[in-house]
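First up is the structure itself, then whatever we jot down about it.
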């Protein structure tokens, strides 16, 4: 029972490390200028190390000191977690465009006619060879950490489950495995809640004092302390790893299997039509779940103008518990009605069909992108030009990004592009109240004013129906989880069971969990309408076409 407790704790903290990355993905994109395709590849890269080893490890499972192997795997996972946070410590503080000269720079992004020199140096400042090199290092470290995370995770689940199944009594084994299974479902939920908590802190909480930070967490330039969560999760894993080095190897001799059977068993399972069809169905569903888990937070942030922290809170507190309820309900129905295989498959089909019906309206629940001058909106006919007539004399830099919302409800990408010449600061809190004397914003024929921050998509009224429907769709889809497993376990030869499940997980990894986030990320990238430029290469996306983002 102590082993079950330790294993639950270890699985939870391992999932914290891998799930936490998904909760902070939009933040890491913004901080290091990544496209969603790159961040999707990063999020699924841990599956690579995992897949390469999983089949052989499950195959040799009975011949090694399993607890010690689990312990070593956990140490690797913990190392990977610490490595993930390393980029924060090897790069300088986060820099963003500001309207007030401060410690970092004496350039501001107001409209200052006649000042050309200042903008020139801001434009090229961040483009030293060092900056480009730094960015490669960051990506390299993160990809290595993800690969290590995958490799370290290999022994944890298969060895833990087989160890428990070998030494627990027949009666208790299902209960113990049920406990572990529920932990693996709760894990990601806890990870999103952790993300929600950490992203409320400013990224450079350790490098700058509070009064130097002029951003609030509602600001589109805000970047939360994404690295903190990795430190927390990695420390937890390291703690959970300790007891494993003290568990006994203690084995009852199992019937040994030889490697020569490997291709035979593989073919026998892959030729089985029920097995193959159910696994393919699971692959389709899992690819969707993998893509959604990675980018759902980002979607909510953009579509409904939420903070990253709130988006994570919703996913961790609503969507994931919904999926758990579905899994439990599906299992309960199975048990209550003692279903045959045909009934199991009918139940899967029904669950999916209802899920489709409920999810269909989600295509329409959202709003177009807010009006952004020169990008999605133009008063004059020349559309798509960042230079508006009214700010020509301002000499605005192309890359300035400090969105403000004009009193005419149009968003401008910087105070300069709105032609604002004056910034008003609240003396007490050192925060910006508003910008005035803006030549591009006309108010009753006079130059108008603007507030800092984005105008928002004006979609908050659709947020509640969206959450309710997406949660319902999740509940309905996950009712098919247990019956689909039953279809697999009952339709193949008993002695192939553990191997068939191993193959199933490998296929899920290769065909769903790896490509899923990359495909979703690439699809999201195609809906971008303004890219941030870093050293002449595309970095993170500033604005998406919200309608296309939602539909794709």
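Keep in mind that glycine also has a Cβ here, set from the backbone N, Cα and C atoms.
Note: TrEMBL annotation is automatic and uncurated.
Taking TrEMBL as the reference, the stretch among 93-114, 115-136, 313-334, 379-400 described by the feature transmembrane segment is residues 313-334.
Only sequence-distant pairs (6 or more apart) were considered; of these, fewer than three Cβ pairs between the transmembrane segment (313-334) and the transmembrane segment (138-163) are under 8 A, so the stretches are not in contact. Under 8 Å from some Cβ of the transmembrane segment (175-203) lie the Cβ atoms of residues 4, 7-8, 11-12, 14-16, 18-20, 22-24, 27, 31, 88, 94, 157, 160-161, 164-165, 168, 210, 213, 215, 217, 222-229, 232-233, 293, 297, 307-310, 312-313, 315-317, 320-321, 323-324, 327, all in the same chain and six or more residues away from its ends.
Tertiary neighbourhood of the transmembrane segment (69-90): same-chain residues 7, 10, 14, 17, 21, 32, 46, 134, 137-138, 141-142, 144-146, 148-149, 151-156, 159-160, 163, 203, 226-228, 230-231, 233-235, 237-238, 240-242, 244-245, selected by CB-CB distance under 8 Å and a gap of 6+ residues from either end. With helix defined as DSSP H, G or I and strand as E or B, the domain 'Kazal-like' (384-439) counts 6 helix, 19 strand, 31 coil.
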